[in-house]
Amino acid sequence: MTEKLPLALFLMGPTASGKTDLAIRLRQKYPVEIISVDSALIYKDMDIGTAKPDAGELALAPHRLIDILDPSEAYSAADFRRDAISEMNKIVAEGKIPLLVGGTMLYYKALLEGLSPLPAADQEIRKQIEAESIEQGWQALHDQLREIDPVSAERIHPNDPQRLSRALEVYRISGKTLTELTQTKGDSLPFRVKQFAIAPKERKELHRRIELRFEKMIEAGFEDEMKALYAREDLHPELPSIRCVGYRQMWDYLDGNCDLDEAVFRGVCATRQLAKRQITWLRSWDDLTWLDSENIEQALETLSDAIASD
């Protein structure tokens, strides 16, 4: 008889949809342990602008995979998959259920489907590409990518240096294009996954929550948090940490490119766009149960039933 795979729960959703509150309430009721699935919460010293759970919330419900990196460091979907599976196995060994909570859809996809066998980052080649970008401009590098990998060039915008650099780096390391390599899937996830997504039914309610959240961030000292990061000589706006929504716009403000009101406006707009992308991902997601942000009791009951019926 085949041994039953361990249960894991995914709680996905757009930014500001109430995922964290729901996860904390579920943990108070059931033996679940929370793993964060968020490419911004991984960074230390980035608490306010990421809406990281506060000390009180973390005391009630510790989150794994937050505050694990300095903002100067990069973290890939492959890094996340390795770390998340390690934490999931530890949680199961403790006799508990992994509850993965967040909105970084690429991380969930990597976890479920595995990853293509892409080469590890090569700092020397990255520096070489960065030097070329300064000398020739990103458009010239995009033209280069179009010649070797037109499919990736169609997908990657010339103003997206992070992805453009990675596509060129992969080719220079391996001699194969990103398109070739991503057609090969990795290992699937050795868990039985029940997947849920939470969001308000009305888009205007999500927009209201996003605006309110940004206002609260400013009141809580987001500008001072940003100034501390801006003062560091090892940080710059091309880093994944500073490219996070909100941080990118506040960096522009500190650079003198706009005033604070404009930075807040841009930050809210960028957050709305992020939420729209997250919802687009989720609408095409298979085997997903939707929960209503405005009916937390019902959402909690649905999650409770999923655990109790297993």
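Glycine residues also receive a Cβ, built from the backbone N, Cα and C atoms like all the rest.
Per Swiss-Prot, the listed range annotated as region 'Interaction with substrate tRNA' is 38-41 (candidates: 38-41, 214-217, 266-269, 290-293). When the ranges 116-123, 148-155, 188-195, 276-283 are checked against Swiss-Prot, the one recorded as region 'Interaction with substrate tRNA' is 276-283. Swiss-Prot lists region 'Interaction with substrate tRNA' for one of the ranges 63-68, 99-104, 243-248, namely 243-248. Feature annotation (Swiss-Prot): of 27-31, 52-56, 162-166, 207-211, the stretch labelled region 'Interaction with substrate tRNA' is 162-166. If you measure from the Cα atom of A16 (ATP binding site) to that of T104 (site 'Interaction with substrate tRNA'), you get 13 Å. Same-chain residues lying 6+ beyond the ends of the region 'Interaction with substrate tRNA' (38-41) with a Cβ under 8 Å from its Cβ atoms: 49-50, 52, 63, 65-67, 75, 80, 102-104, 106-107, 240-241, 244-245.
Between T20 (ATP binding site) and R126 (site 'Interaction with substrate tRNA'), the C-alpha separation comes to 36 Å. Using T104 (site 'Interaction with substrate tRNA') as the reference Cα, a 10 A cut-off selects G13, P14 from the binding-site residues G13, P14, S17, G18.
In the region 'Interaction with substrate tRNA' (243-248), helix, strand and coil residues by DSSP number 2 helix, 0 strand, 4 coil.
The Cβ of G18 has fewer other Cβ atoms within 10 Å than any other of the binding-site residues P14, G18.
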